[in-house]
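Peer 1: Dropping a structure here in C-alpha cells format, bear with me for questions.
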Amino acid sequence: IDMENASSVKEFILLGLSENQGVQKICFVMFLFFYIIIVAGNLLIVVTVISSQCLNSPMYFFLCYLSFVDICYSSVTAPKMIADFLVEKKTISFVGCIAQLFGVHFFACTEIFILTVMAYDRYIAICRPLHYTTLMTRRVCGRMVIGSWVGGFVHSTVQTLLTTQLPFCGPNKIDHYFCDVHPLLNLACTNTYAVGVIVVANSGMITLSCFFILVMSYIVILVSLKSQTYEGRYKALSTCGSHITVVILFFGPCTFIYIRPSSNLSEDKNVAVFYTVITPMLNPIIYALRNEEVKNAMRKLWSRKVGSE
C-alpha cells in the first residue's frame with residue numbers, strides 16, 4: 001500500500017479525554033483501576049469456565065469467549081490511554097494509529113456477533129428445550145464463534161482499508177483518546193463524504209441487523225414464557241436478564257457513535273469510554289453476580305486452590 005507517500009503525516013497527536021492536568025491525574029488512577037478490574041474479572045471468568053466441569057453448556061462456552069474478547073478489546077485502547085494521562089505530548093505513529101483502529105473494530109464487531117449468538121442460544125434453550133442438545137452441539141457452537149471472529153475481521157479490514165487509502169497532510173491532532181474512523185476522516189485532506197457513508201453503512205448494517213436479531217429473539221422468548229410456570233419464567237428471565245443488560249450497555253453507545261455521521265467529536269469520545277472501558281468492566285460483574293452456577297463454580301475453584309496449598 002502506498003499510504004506513506006500520500007500522507008505526509010507520520011504521527012498523530014491524541015488530545016485525550018481532558019487537557020486539565022489535575023483531571024488527568026484523577027483519570028489515570030481511575031482508569032488504571034478500571035483496567036485492572038477488566039483484566040482480572042474477565043480472566044477469572046475464562047479460568048472458571050475452562051476449569052469447571054459443571055459449566056460446560058454452550059452458554060458458558062460463549063461467555064468464556066465474550067470475556068476473552070473483552071480483555072483484548074479494552075487492551076487495544078486502555079493501556080495507551082492510561083499511559084497518556086501521564087505524558088504531556090500524547091503521540092501515536094501512523095502505523096500504530098491504523099493498528100489501533102483495526103483492533104478496536106475487530107474486537108468490537110466480534111463482541112457484537114458473540115452477543116447475538118448468545119441471544120440465539122437463549123432462544124433455543126427457552127423456546128425449543130427438547131431440541132437444545134441436538135441443535136447446539138460443540139461443533140455448532142465452535143462454528144458460531146469462528147464465524148464471529150471472521151465477521152469481525154472482515155468488517156475491520158474494510159474500515160481500515162478505507163481509512164488508509166485517504167491522504168493525510170496535516171493537521172495531525174485527533175480529538176479522541178484512541179484512533180477511530182470518524183476522527184481520522186475529519187483529518188484527511190480530501191473529501192471524505194463517500195468514505196464516510198460507506199463507513200457508517202458498514203458499521204450501521206452490522207449493528208442494526210444484529211440488534212434486530214437480538215430484539216426479535218427476546219420478543220419470541222418473552223411470548224413463549226407466558227405458557228410457563230412462575231419458576232420456569234423466573235429462571236429463564238434471570239439468565240436472559242444479564243445478557244440483556246450487557247447488550248443495552250454495549251449497543252446503546254455503539255449505535256450512538258457509528259450510525260450517525262459524526263458531528264461532535266468531543267461528545268463521541270466521552271460516549272466511547274462506555275463501550276471501551278465501562279462495559280468490559282461490568283460484563284464479568286453482571287454475569288458472575290447474577291448467575292448462581294458461575295458463583296458456585298468460582299467458590300469450588302477457590303476452595304480447590306486453597307485446599308491444594
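Cβ from N, Cα, C; glycine included.
According to TrEMBL, the protein carries these features:
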- 41-287: domain 'G-protein coupled receptors family 1 profile' (DOMAIN)
- 23-47: transmembrane segment (TRANSMEM)
- 59-78: transmembrane segment (TRANSMEM)
- 98-120: transmembrane segment (TRANSMEM)
- 140-158: transmembrane segment (TRANSMEM)
- 193-225: transmembrane segment (TRANSMEM)
- 237-259: transmembrane segment (TRANSMEM)
- 271-289: transmembrane segment (TRANSMEM)
Peer 1: Using Cβ atoms and a strict cutoff of less than 8 Å, what residues sit near the transmembrane segment (193-225) while being 6 or more residues removed from its termini?
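Peer 2: Residues packing against the transmembrane segment (193-225) from afar: 105, 109, 112-113, 115-116, 119-120, 122-123, 126-127, 151, 155, 158-159, 162-163, 165-166, 181-182, 185, 232-233, 236-237, 240, 244, 247, 251, 254-255, 258-261.
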Peer 1: Counting only residues 6 or more past its boundaries, what in the same chain has a CB within less than 8 Å of a CB in the transmembrane segment (140-158)?
Peer 2: 58, 61-62, 65, 102-103, 105-114, 117, 120-121, 198, 202-203, 206
